[in-house]
Structures are given as structure tokens and as C-alpha cells.
Amino acid sequence: MLEETEDEYLNRCAAAAQDFVDFLDEEDVDDDEYFHRLMVYHKPGGSDQTRTRPVPFPDPTQTVDEPRGVVRVGFITGQVRHEAQRRAGQASPTEQHFVWSRVGFVFRLVCSSRLRRGGREELYMWTWKALNQREDGSLRPSAFRRGVVSSRASSLQLSNAKEFISLHRGAINSLEIDSTEGEGRYLLSAASDGTVAVFDTHRPTSSSSSSSTSIAQHHPLFHLPRAHKFAISRALWYPVDTGLFITASFDHYVKLWDTNSTQVVLDYKLPAKVYGIAMSSIATSHSLIATATADVQVRLCDLASGAFAHTLSGHRDGVMSLEWSSSTEFVLITGGCDGAIRFWDIRRPGTFLLLDQSLSQLGTRPPLLPTPTPSNNESTSLPASSKSSSSTPILPAQKRRSHKKIQLKPPTQSSHPGMASSQNRATAHYGAVNGLRATADGFYLLSSGSDSRLRLWDIESGRNTLVNYEAMSIQTSKPIQLAVTPDSSLVFVPCLASLKAYDLWSGTTINTYRGHYESVNCCFFNAQDQELYTGSNDRQILVWSPSIPAATQIEEADSKGGITSIDQDNWSD
Amino acid sequence: MAESSQSKSGGKKRSRSESEGDPDADADAASLQSIQLENDLNFTDTAIALQMMKAQFPKLDKVVVRPFILRSQLYSSVKDRTQVDRDLESLKKEAVVRVFKLNTGKDDHAIMFMDDYLAQMENAVKRYDAKDKQLSDVFDWFKQYVIKSKTDVSISHPELCSLLSNGGDVTEKHVTLLINAGLLTCQLIDQNLYWFVIPNIGSILKGLSQGRKELLSLINRTKYKEMVLANLEKKRLRLSPLDIRFHIRDLIGSGLLKTVQSPIGLLIRLSRD
């Protein structure tokens, strides 16, 4: 009935964002959900109107204990079990392959497959039990989605379906995907040779086809060879849309570019080399670019007027990393080469909070008498430690100490709430702070230092949560870019030539991603597709996507035509 | 079960031969000696780990130093590092232990029990005879006011003066006396900040860093960069007065070595990254 092949049809539907129509008649079309290629779709006009793309399913390591049909379920549970075993490392991928080939694929719908959509290949795994729960409403769509997303995020591997062809001739220092609502599509990369490139992560430009797999290649949409004279340390998209992007370089300039014409619209000259820039993505009343330079002052550049708004001084050495708060549009967090992390409210002068690594959350309570010290710490208590008896002896000591501190301040310096800590030498790290990342909910801050430590801070109280991230070694010379998953479960840290993923709350190493030949500088987690992009000194951008089981080989054999022979067993090839 | 009994009997055999040929064998109980490191590598609780490691601290003949434990050793012994940090923090606040930052160049911290530290301090003060007897009151003030209230690893100059002035008038000479006695050290980056230090520990620190290098080179020289733990324990380090168990624990905790289970037992392998 259709003259185009199925793949072309799928591509066309994907491009138009339409639902797919199942080619095979299945008796399941009685529900408003139907299956095609092991994915659940909703018929247009079905209960869940919002879903126009196939729904991936949660963790297949959940046990399946309630089969409903005979053939399909038996097959599916077998497949799920094998997938679970494979993930547990007990069954080899080839064993799973045998399971697949064994059932024979009379029904195309009962195989897991790749879905091509505009060049992007995804794989969805399926759990019968979760599907039942979705059907009878006991599992909400958001919980469903969360389970799937987190299982995909923790199963990343070097992608064998997608690659970026980078034309950079220098180390890649910065990667960023635009943060437009609902679609994070364009990847902006900046390198040490002064070049900037933008990639489209959804559509490949070509594909290199080999015998069994074809890798979708993404060439840059444009590549600016001489954007800056020296190395570019950071490139950012304008938070509102992709019409503008901003680059900061070691040649002391911050430039604002128009994306469509790739011309410089504005530039700012700074007194020293720029290590980092940041723009607040939630800001509605200001459009300030905060710049971190080797100079001790943090300068805010105003986009609307083209001039500098004001400067924040307080650091003792250069500032290496900065980040706007993800909950307030007026709070800026900076990390300096002196090891201090300062919080600034840009409406007032001075730092209002300085993070001290020796202050932990243990047993803190606000002082009984109001002291003039500006950094009033809220009380938080650790869930793990229950030593509340230790809190009372601390209290008089703290009070006495703060009282003494006030006496020693030189009387000529007027103190007001903003000017807390020009005297405060507290350090957050023993070396320079070279990476900062706030969690998406705005409660916690992660900071990485050149003392090879990653620390988690509770922002509200300003205390060290003492979560210990297992041994890592962080390069000391450059600012690095950390990545956190939006549900705050994993943090990705570049450690020399590999990238490590840690559980945010307990500090255990979940995964180590080894693929680069030289030190990794930056990483970005694409929350839409649960992919991780990393850039390193070896001039490559690598893509890490959720792992694909070996069943894809069946798909190839199947598409060449005909039903594969059922007469196979575990030992057949 | 059979495996563990076998290793225990093997341990006993080794301890006998070890104690024969080992001139400075520990005065520790023979039972501790016979427990192989393999069985003793993991503890459940930080406090227990601290006590056990303090008991296993090697006896040094040249220098008298009370037992201290490195932070990386704790990390290798107790599974959950975050829990170790938090327990250590509460122990610090209760003034049971004291944490010091060592100046080996790497990020080392030493943990010492409070009574050990006070005893060490007494020894140091006794050995250092102050020229000016009036100034030696500062040691008492230091012990009474500074140590009790300041539980961090470092202290700033104004704060030190203010705390010491609870005892009496403080001048620069008092602070100089404290530094000369070896109780405080200036920080290199900032003149106004001082580290607390364990007095008379300098030679041991040298032994620590040299012993680390020697142990790493020992494993590096093997063909596959790994060695069975039982064999490794029997070796003696030339350059370090501390015994090899100390160094093994320390290197495992800081991530330079890793342990691998094998049918023979526990293997120590150089970790690559």
C-alpha cells in the first residue's frame, strides 16, 4: 500500500512528529495502546495525548512474574531475563543473541530494535510488569519516565551509532547544548585553537556504512576557524534561544556572536585572560554575563547596554570557575584559584557566603544570641549522624569565637551585611577550584578542586556535606566542566584521561568511561536523550549513549527479507 | 571455611618464622601478629578501625612517636568513605581524636587520639628547654585554650592570639616559642595561618614518602604489576621505619593500589588510569 520502504516511512513520521502506524495487525489494538517493535504507542485520540514518541520502558532487571499471553510473554520474559543477566554480567551478549534467534521472530513486534528517527538511533527495553502497571494506572507516567531515564543514564557506553566529526585542531575546552524549552539540539564546542563549531545532535549529515552497523556521522553545521586569536576557554549559548552565542578566550576578549550570520555583534575587553563565563538561564530582569578572569575581580558585562555593569571583588587570586544559582536570578557563585568559593548577591556589594571545607553539617544550630557576623548558618542535620549530644559543646565555642572575631576587626572598616568576608580566609579546597556545578533544584553545589577532591555543599546552610567521592585525580591547570543529571542522581567528573560517574549522595563510583587518549576537559549530559558528550585534549568529541544489547544483529537479518528459520538452537550461529 | 582455616594456619607458621628472624618484632600480642592483613583488611566501624590500627602501629626504635593513623588508611579499611568522614567529624568534635594535615606534599591527614597527642606534646615540651622560663607558660595556655576549642587543622594568627590571651598577655615571642617547639607551623601560602603539627614527626614523614615510592616501585618491577598480598607482607622496606602493612593500607586508600580477589588469595595490583 505504501511505495516507500518502512524506514523511509518512519523517517517521514519522525520528521513530521507523527505517530507511527503499525503495519501488522495485532489483536492488541483493542486498547488505546498498541505495540510496534516492542514499544508502546498511543493511538491518536488515545488517553495520553502528550506522547508522540515511543515510550521507553524502565529497568528490565525488575523481575517479571505475571505473564499473560503464552508465546509473546514467554519470549519476552526470556529476553528480559537475559537482558537482566547480561547487565549483571552473568550471561554474555552472545547468549542473549541466541535467545533472540531461537524464537524465530515470527512476529516482528516482539523484538527489540533500533528506531531511526532523523538519524538518531535509540533502543528501548521493555518490562511486562511495568507495562501492566501503566495500563491499570498504578504507575504514573512521570514515575515511569524517571525509572527509564535513570536506568539509561547509568548504562552509558561509547556510542557505536553516532559520532561527531570534529574539525578542531586544538584541545576541546567547552561543550554546551542549548537550553531551549523541550529541545536541546545544538551542540556548541570551542577549542584551544580559537575555533568554534556547532553540531546538530538530531540529524546526521552522512553515515558511514560498514557491514553490520552504520554509524551516523554529524559534521558541524558551521565551523569558525578564527573566532579568537588564542584559545577559547568557554562558549555558551544565549539562554533564551539559539540566536546568539558567547565565547570567552585567553586573548582577553568576550565576544557575542549572531548564530545565523556568524558575525561578532558585541565584544568586551577584559584586563586578563578569561577562564570562564556564565549567564543565568532563569534571569528575567537582567541579561548579565559574569566573567571569571585571571584578575581578582569578577566583572559583569551587560548585554543590553554593551558595557560593564559592575565588578565584584573579594577574591585573593584569579577566579577560575563561576556559576549562576539555579534557583535565584541574582546569586552568583564563583570559585577562585585561591581555593575559596564565594556567593555574591549582585544587587549588593560583597560576598554573603563563603564556603569553608572545615565547616560541616554536623550539629549546627544558629547561635542563641544574634551576632553581627553576616554569615548566619541555618541548621541542617545529617541523616546519617545522630550525635546530637555533640552540638551543645560546640555552641559556646562558636559564639565565643565569633565574638572574638568581631573585636579584632579594624574599627575603620564599616561593616554591613554585604561586606562579610574580605578578611575571611576560609578555603573550600586546598588548591584552585576548577569546576562548579549546582544541582538543578538549586539546593546543592558540587565543586571540584585541583587537590583532586569533589565536594558537595548544602547551599542553604553553606556547609560541607562531607560526601566523599572515591579517589580521583583532577587536572590542575585548566577549568573543567562537570555534569550532573537533572534528577541529581549522578555526577560526571573528568579525571585525567577518563570520565568517572559517581552517585551524588553516597560518593561511590558507578562507572568509569575510558575512551579518550588524553585528558578530558569538558562533559555535557544531554537530558533529553540521556547521552553524554565529552571533549578532551585529543581533539575529539565522544558520544556516550545508553548501551544497546546485541539483538540488533537480528534486525539486520530480518530486514533483508523473509522470516528467519525457526529451526535453531542455542548453539547455532 | 576451609580456606580461612588454611590461611590462619599459614599465618601462624609465618608469624613464627617472622618473629625468629625479625629483630625489632612488635611487642604486640602474638595473636595480632598472626592475623594476616588479608583477614584484617576491612572493618565495620570507624572507631573500631582506629583502635585496631593504633594497636598495630609499628614500634620505632630511633624516634618515639605515639601511634597515628593516616586518613587514607581509614578509607581502605572501612567500606563507605562518606561514613568515615562523618564519623571522623563527630569524633573530632567530641575531642576524642585530632586531625593534622601533614606536609608531605600530597593531601595527607594524620589522625591521632587526643591523649596520645597530649602525651606527645608533653614529651616535646620537656625536651625543648625554653631559654626564657616566663615564656614557657604559653605551652599550658596552648593546651588549655587552643587545643580544646579549636578542632580544625589550621588556625589564623589573630585567632591564635585571642585564644592564648585567655591565659595572659601574648606577644610574638610566645608564638615563636610554639613554632620552635614544633607545635605549630606557618603555612607556605599565607603567613597568617598556621597548621597544627605533631611534634618530632619529621623523620617519619620522610620515611613515609620514601616508603611509598619504594613500595610502588617494588610492584612496578613485577611483570604484571601485581603481587600476592601474602608475599608482599613478608617483604621489608629499606627506606622506611614504618612497616609494610602501614604503607599497603595507605596506598590502597589513596587509590594507587587496588586489591583483586583471586583463587590464590588477595592480589595487590597497581591501578592504572
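Note that Cβ sites are derived from N, Cα and C of the backbone, with glycine treated the same way.
Just so you know, TrEMBL annotations never went through curation; they're auto-generated.
Under the heading compositional bias 'Low complexity', TrEMBL lists A:379-397.
Residues or ranges marked as compositional bias 'Basic residues' in TrEMBL: A:398-407.
Annotation source TrEMBL lists compositional bias 'Polar residues' at A:410-424.
Under the heading region 'Disordered', TrEMBL lists A:364-424.
Residues or ranges marked as repeat 'WD' in TrEMBL: A:165-209 (among others). Helix first, then strand, then coil: DSSP counts for the repeat 'WD' (A:165-209) stand at 0 helix, 21 strand, 24 coil.
Taken together, the residues of the repeat 'WD' (A:225-267) have an average pLDDT of 93. According to TrEMBL, the feature repeat 'WD' maps to A:225-267 (among others).
Counting only same-chain residues 6+ beyond the ends of the repeat 'WD' (A:312-347), those with a CB under 8 A from a CB of the stretch are 272, 275-286, 288, 290, 292-300, 353-355, 418, 421-422, 425-443, 445, 447, 449, 451, 457, 459, 462, 479. Per TrEMBL, the feature repeat 'WD' maps to A:312-347 (among others).
Taken from TrEMBL, the feature repeat 'WD' applies to A:426-467 (among others).
Look at TrEMBL and you will find A:513-545 (among others) tagged as repeat 'WD'. Through the fold, the repeat 'WD' (A:513-545) approaches residues 120, 122, 149, 152-153, 156-159, 161-164, 166, 168-177, 183-184, 187, 189, 191, 199, 201, 475, 478, 480-486, 492, 494-501 of its own chain, all at least 6 residues removed from its boundaries and within a Cβ separation under 8 Å.
The repeat 'WD' (A:225-267): residue composition by secondary structure is 0 helix, 23 strand, 20 coil, according to DSSP.
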